Structure formats: C-alpha cells, structure tokens
Amino acid sequence: MSDSALLNCRQLVTLAGPPGPRTGPAMRELAIIPDGAMRIRDGCIAAVGPRADIVRSLAGDTEVIDAGWRVVLPGFIDAHTHPVFAGTRAAEYEQRAEGATYAEIAAAGGGIRSTVRRTREAGDLELATAARRYTDWFLRGGTTTIEAKSGYGLSLDDELRILKTIRLLNAERRLRYVPTFLGAHEIPDEYRGEIEDYVDLVIQEMLPAVAEDNLAEYCDVFCEPNVFPLDPARAILQAAQSLGLRLRIHADQFTGDYAALLAAELGAATADHLESTTALGLAALHEAGVQPVLLPASVYNLGSARYPAARDMIARGMAVVLATDFNPGSSPTASIPMVLSLASTQMKMTPAESITAVTVNAAHSLGRGSRIGSLEPGKAADFAIHECDDYRELAYFFGREPANAVYLAGQCVYRRSA
C-alpha cells in the first residue's frame, strides 16, 4: 500500500455532503476546512479533516504533499468537450471579427465541416499528439476529468478512429476521459441534401460498431432544425438507448424549446447549451430530472449576449453543470477558471455555485458522483493545488492558469515549472 498526506492547505474545499447532485441553496455549501489536510491510500482518499487531526494519524514513513498554504479543490470535471481534431479555425475567427456569422460560415462549407475535412486527412499520430497538447491545457486549469466527444470524423472509420484515440488517451492516465459518440454532429459534405441516408449510416453502421467495441458511454446529437431536426435526432438517440448508451443532447443553442423537450421525453442525462430555452423547456427538463450543462465560453466567443438562464434554473431546483465546450470553432478554450468567471459576470452565479457546477454536479452528470467530484473518504484522490488565497479568486482573477500542481488518483500529473 502507498500512503501519502496532503498538508498545509489554506483552504481545503471538500464539497463533502449528502449523496446526489446539489440544487438550490446547497450549491453554495462547499464544506471548506481551513488549514485542512487529507490522507491518501492507494489512490483513494482515506481521511479528510483539520491538519492537527490528520497529522496525529500518520505513520512515520508517510509521504507528505506540501500544498504550501495554497487553496486545494477537487479536480474540475469538464462535462462537455470535443478534444480530438486536427487543425484550427483561426481564419474563421477572423471572419467573425469582420462581421460574418457562425451560420454564414457554416453555410459556405466552413465550421464543423472544415474541421471534419482536416481531421479526416490527419494521421492517428497527429490526432493523438494534438490531443495530448490539449490535455496539458486542461491540467493547467485544474481539470482532471473530461467528457470527450467524437464528431469530427462523420464517417464510420473516422468516428471509430477518434473514439479509439480517446481510449488511448484515457489509458495514459494523465486525465480521465468519458467517451461520447457524436456522429450526429453535422451532415458531412458527401451527404449534403441526403440526411436520411446519413442518419441510416449512423443508426445501422456507426452505433453498432461503437457499442460492439465499448467505445462510448454516451451518445449525443446536435439537434437543431437546420442540422438534425427532431425526428432524425429522436431516431438516433432511441437507437443508441437500445444499445445501452446513455444520452446527452446539444439542445436549444439557437432554437428555443426545440431539443429541450426531446431531452425530457427521452430521459437524457443532460441537455447542453440551452441558450434559447424558455420556461416551458426548463419545466420539462426539471420534471424529467435532466441536468442542464451550460457553456458560457461558447456564447462569449461567438459574440452573443444570449446566455443561458442559470439563475432561473437554480431557482427551479435544477442541478446546474458548467463546462468549457472546448472545440476548435465556437469555444477554443480548455479553461474551467475562465468559465467560472463568465458564469459569475454573465449569468450571475456565485463563485460557490460555479464551483459546485464543475465538481459534484458535473460528476453526477457523467454517472460518477460516487467516485469523483468531492474530497471525501472512499473517492479518488483527484485534486488540484491552486495559486490563490481564497477559492473565489479562481473566478475573480480571470484569464490565468491557477493550478500549481494537479493529482490524479494520488499521483502528480502536472506541476507548474518554476
């Protein structure tokens, strides 16, 4: 057995509490231990408490992890990312700065389809190398788990290739990856005007191959009238359910109450985006127990002012989740701290609510609430030591990489260079 102890934490932000996702006022309860400490055994948390209590229980040969009187939080859980792709869309970023809209660029063959073309051309090594670079970006912000979508292949072979890259990255044990199949991200060039044929490909070939090799836990669909309308989206998601995959849905990014109602109907784990969802859609999601995953960085990067109604969701008792939506087009950021800042300034979530949304609530949205998301005995020792004096500074000092060191299952996977 390997034993270690984390000591000298100015604030140990544990988020300890009752099982289940947090809602309402409970989202502000972080269970902070000043001068806290933690004992770790074989990659799991063995004990948490005041430093004096933990020190008394240590054996003489216990390895000490010195937090240096910094703030320690659970590793952030980013519940919506697209981390495997080739190239960038910096040219499109410039086009948007000159006045072009996201929809106009997509209609001209850019957007998701441009990344699909570049990704199909890339070799396996190129894809894995790029994704490892992004792994470093996630770690620098204190993230230890990401939900990782495919969606830039849009052919049987290329979707499987992306999911196998995600499996490879997960096996490297620097970051935890939760794989999601997103073959219904866009209609590829060769199927333009033939959506029924492409949906058949997704249902008849892609999904069975994904399920046979256990390459994904979830299936997602970008459900919008001009991408995958309700009937094709429903058919894909029901086929995924029949194969044992759980559901996540890109919902109501542009069209109100379009996909939120579908997410509620099918009992999806999450409905993501929700920028255009009205009270009708929110009521349906709440009643069905679907967790909202809000992506303020994509709203910011697209130059929109339509942020999701986070305060309304919290008032309704919904277990809100925040995520980066890391992707090469609408949200090229892997920074959860930046998302925390946007959540406070643009959606008026408190720093405590935002922390809950990227830890405990995010863990439950991925079916991992009993294993990660808080610093409690029995859970994985996934945590980050941050360069700050108070957890609120993670959102307050925006645009920085706060993590001094990041640990996954008790092992250091990132340390800031001196």
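Every residue gets a Cβ built from N, Cα and C, even glycine.
A coil conformation is recorded for ASP325 (Fe(3+) binding site) in the three-state DSSP classification, outside any helix or strand. All protein chains included, ASP325 (Fe(3+) binding site) registers 28 other Cβ atoms within 10 Å of its own Cβ. Marked as Fe(3+) binding site by Swiss-Prot: HIS80, HIS82, HIS250, ASP325.
Under the three-state DSSP scheme, HIS82 (Fe(3+) binding site) falls in the coil class. Here Swiss-Prot flags HIS80, HIS82, HIS250, ASP325 as Zn(2+) binding site.
Residues or ranges marked as 4-imidazolone-5-propanoate binding site by Swiss-Prot: ARG89, TYR152, HIS185, GLN253, SER330. DSSP gives HIS185 (4-imidazolone-5-propanoate binding site) a coil state; it is part of no helix or strand. In this view, HIS185 (4-imidazolone-5-propanoate binding site) is surrounded by 26 other Cβ atoms within 10 Å of its Cβ, with every protein chain counted.
What Swiss-Prot records for TYR152, ASN327, GLY329 is N-formimidoyl-L-glutamate binding site. In the three-state DSSP reading, TYR152 (4-imidazolone-5-propanoate binding site) counts as coil. Remark: TYR152 (4-imidazolone-5-propanoate binding site) has HIS82, VAL84, PHE85, ALA86, ILE112, THR115, VAL116, THR119, ASP158, ILE162, HIS185 as non-local neighbours, by Cβ distance under 8 Å and separation of at least 6 in sequence.
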Around the Zn(2+) site (HIS80, HIS82, HIS250, ASP325), what further same-chain residues have their C-beta within 8 angstroms of the site's C-beta centre? THR81, LYS149, ASP220, ASP272, HIS273, LEU295, SER298, ALA323, PHE326, ASN327, SER331
Please report the three-state DSSP label of HIS250 (Fe(3+) binding site). strand
What remains of the binding-site residues HIS80, ARG89, HIS250, GLN253 once a 10 Å Cα-Cα cut-off to GLY329 (N-formimidoyl-L-glutamate binding site) is applied is ARG89
With ARG89 (4-imidazolone-5-propanoate binding site) as the reference Cα, tell me which of the binding-site residues HIS80, HIS250, ASN327 is the closest one. ASN327
Please give the maximum pairwise Cα distance, in Å and rounded to a whole number, for the N-formimidoyl-L-glutamate-binding set TYR152, ASN327, GLY329. 12
Long-range Cβ environment of ASN327 (N-formimidoyl-L-glutamate binding site), under 8 Å and at least 6 residues apart: THR81, HIS82, PHE85, SER298
Which residues in the same chain, at least 6 apart in sequence, have a Cβ under 8 Å from the Cβ of GLN253 (4-imidazolone-5-propanoate binding site)? GLU224, HIS273, LEU274, GLU275, SER276, SER298
